[in-house]
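Q: There's a structure below that I have some questions on.
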């Protein structure tokens, strides 16, 4: 009675579990090979990314300039020379080379009553800047969407005084890019815009 129809334990292991064990071992080898190949591909990708030079974002565009006098109906803007200035002034206009949102800040005091308009695009109406102290003081901030080839400049109208005789105290213009966008390659602005000789 002992052992009728029941195989001994040693025979059961030899007959049934060995093929299953070989299948698991083969499956583990295949999975390990795939993992190893995946790790190798990831390593190669990381090495290629580190070896290639990263795309350099253009610096944030900014300008701080003094508004000192009036010339030909426009306020004269002279930029301070330092390493933080990334924009330039041409013909009393701040040249925009990169698309994006910009904050424009203007302050100053005048000895006469004046009206100032902010211009930045040829086909748009200028922004009439509100004045304080009977048109003699200005503290103005605006956020504008500017694009490549735009020019920021200020026109002034003084009812009782010629432009060249306006007296300006503590005038300052600050233009700072808030959101980076498309930037024209260096030198492209000079070749695409007609310059007016002084």
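Positions of Cβ are set from backbone N, Cα and C atoms, glycine also.
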Q: Quick one: which of 7-28, 29-50 does Swiss-Prot have down as transmembrane segment?
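A: Spelled out, Swiss-Prot records transmembrane segment over residues 29-50, not the other listed ranges.
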Q: Among 91, 98, 183, these being the recorded positions, pick the one whose CA is nearest to that of residue 70 (disulfide bond).
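A: Nearest by Cα distance to residue 70 (disulfide bond): 91.
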Q: Using DSSP, would you call residue 163 (disulfide bond) helix, strand or coil?
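A: Looking at the DSSP assignment, residue 163 (disulfide bond) belongs to a helix.
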Q: Using CB atoms and a 10 A radius, I'd like the single residue among the disulfide-bonded residues 70, 98, 163, 183 with the highest neighbour count.
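A: Within the set of disulfide-bonded residues, the most crowded position is 70.
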